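Pulled from TrEMBL:
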- 68-353: domain 'Tr-type G' (DOMAIN)
- 77-84, 141-145, 195-198: GTP binding site (BINDING)
Amino acid sequence: MFTNWRIFAVNRQKTFSVHIHTTCYCKIKANLKRSKTQVPLTRSYSSPPGIVGNEVKSLHSIINPPVAKIRNIGIMAHIDAGKTTTTERILYYSGYTRSLGDVDDGDTVTDFMAQERERGITIQSAAVTLDWKGYRVNLIDTPGHVDFTLEVERCLRVLDGAVAVFDASAGVEAQTLTVWRQADKHKIPRICFLNKMDKTGASFNYAVESIREKLKAKPLILQLPIGEARTFQGVVDVVNREKLIWNSDSDDGKDFERKPLSEASDPTLLKETVEARNSLIEQVADLDDEFADLVLGEFSEDFDLVPAEKLQAAIHRVTLAQAAVPVLCGSALKNKGVQPLLDAVTTYLPSPEEREHGFLQWYKGDLCALAFKVLHDKQRGPLVFLRIYSGTLTPQSAVHNVNRNCTERMSRLLLPFADQHVEIPSLTAGNIALTVGLKQTATGDTIVSSKSSALAAARRAGKGERKPGRISEAESVLLAGVEIPEPVFFCTIEPPSAAKQPDLDHALEHLQREDPSLKVKLDPDSGQTVLCGMGELHIEIIHDRIKREYGLETYLGPLQVAYRETILNSVRATDTLDRVLGDKRHFARAELEVRPAEEPCGVATIEYADSVGEDLLQAPREDIENAVHSACLQGPLLGSPIQDVAVTLHSLMIHPGTSTTMVTACISRCVQKALKKADKQVLEPLMSLEVTVSREYLSPVLADLAQRRGNIQEIQTRQDNKVVLGFVPLAEIMVLGPASFSSPTGHFCP
Ligand SMILES: Nc1nc2c(ncn2[C@@H]2O[C@H](COP(=O)(O)OP(=O)(O)OP(=O)(O)O)[C@@H](O)[C@H]2O)c(=O)[nH]1
């Protein structure tokens, strides 16, 4: 039965990076993140400026700066690149924290969950709001681990710009590619920060080259490093021809000197900087016509005379157009380069009004917001993060949820500052708000001021008034949420006693609302609750949260990989359903064909032959499609969902008076019959794997990958290391965590 495996990549192809260093070379483990148990330390926060003492009067002007001065940005990267460390420095230099937190000490602001502090990883995105040189920066630190990719995606959906952080010794890594693609999908302008310039093996040129080659992006080099690895002291600002040197006696990096480069003191550095500036000018002129006209008109003789402000404005336009990405460098851990990074965020990344949102014209200044994250607070209930695209949010007001067609009352409005929140009287377009009181709102919902406002916007959107008052009409103004990836792991979860089942259901309901990538279903055969998630770590964290946050000790069954099934040939089948219920005869006959879909299509696609036209009037297409989809939920081989199948309904005979339920039951049976007759295959998810290994350990690593049915695509050389790129079946790289987890293939063997 299992000889006929065909390997597939799931829709959301998982990307993974494994770094093997000299101390752990023999076995590849999929989850090599630090796992330390620490006592979480408490942090002292200073109040956000303007919110101390009795400065409440000026609060409104501080909280609602002109929209041109707002920057909504995310920090995104491969795991461990230094996002949280960079965020921590940003908060410190902008005056929001009194001391520098450290990921390794478990006391950073944005990693406030107990699990984040213990493991030294970011699990959920955390939003903070800060002011920098007159700009309001709403910043979201996102997770780097592949299991929490959805967190990154839903934040990127509502941001206007992003800082992509890189480990300068590794360049572009596996998960960098994933988050970069996500940013491409949401058309997010970005800047790159080459972090860890102090680390052994750090190479500015290598990292820039990898951005060019692997991300196919055009790097604009705005800084040059002064020294690398141990000798890293500061950076050169190419645009202004200045050097920035951090005082080695300063232990928090606040003290640094900015000096113009001169022929007398830095002849070599000046020469390199002038060359870099000239090539930057040429590069930007190639991408921006306005700048090209300026340069060729006034400064063609001497590029040195191009004013820094003109160059900066052009870089801003090029960044906004996503034609190129500014590149900066530094070392967050050693407190170097973060202040210029913040300057670059405000100079080069766009304000909300510079981003194009076609739908804004439908609202004419009325409220329109997108819910992108929900958190459960024991005292306050659900806290909903909203990105406000137009209009103003005020507390104690009613808002309309277009997706759920319901009106809810928002009790309080808060400004997010990691786990600390500041109450505010109103918040305008372009900002990110945290609201209390929206009990029905879920991630991806569109929030407007009232139902009539949604309908008015729908009319402006040109969707007619065919069915007045129906939510379907307002659907035209729904903002696109994010695609929720299909889970690749599942396991049963049981409460300690049957009496605790309602508590478990309650906990899972809340967790699912917070995290749409967590799916919960009921096993129809055993009646057990099944958790479906994006990876082992994801399920482990959920298990742990149920224990810590809901006080429930639960038991997990063996962790299993979510397989799929598909068919290999076309098969036709007929099914007749003829029943008498009461005094009524129900008769339906369906004839259909199943065949492999030409293009990967996830679940089944449905087509109708011309001959079924008449009978379709009796059975709505929606019901027919539901019947086909429910038949595809459990494949004939393993009971796994069927995918990439095309179904053509050739004929459908229905006697008058036959209920729709009978018709759909007949179609469902017919699909299952056809699937059973077809040649079938089990599909298994693959991980894209990147293993960094010292040269001497390459052979054992390759042998190990071969044992795990790995498919090696390429072996690259990165400084002194080898980087193995390939695909490995997910089932082969599971980290068998809790003793109760067992091999999924074993579980499935007949
Ligand atoms: N040498 C060096 N280490 C750094 C630097 N920045 C961060 N680190 C270390 O790298 C590790 C990961 O840092 P984090 O800030 O947690 O990285 P992250 O990208 O937020 O990690 P995830 O959110 O879990 O993906 C920690 O041990 C940091 O101390 C740096 O500039 N230089």
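The backbone N, Cα and C atoms fix where each Cβ goes, and this holds for glycine too.
In TrEMBL, annotation is done automatically, which means it is predicted and not curated.
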HIS145 (GTP binding site), number of other Cβ atoms within 10 Å:
24
In this structure, which of the binding-site residues THR142, MET197 has the fewest other Cβ atoms within 10 Å of its Cβ?
THR142
Fewest other C-beta atoms within 10 angstroms of its own C-beta: which of the binding-site residues ALA77, ASP80, LYS83 fits that?
ASP80
Should we count any of the binding-site residues ASP80, THR142, MET197 as near ligand 1, judged by a CB under 6 A from one of its atoms, and which?
ASP80
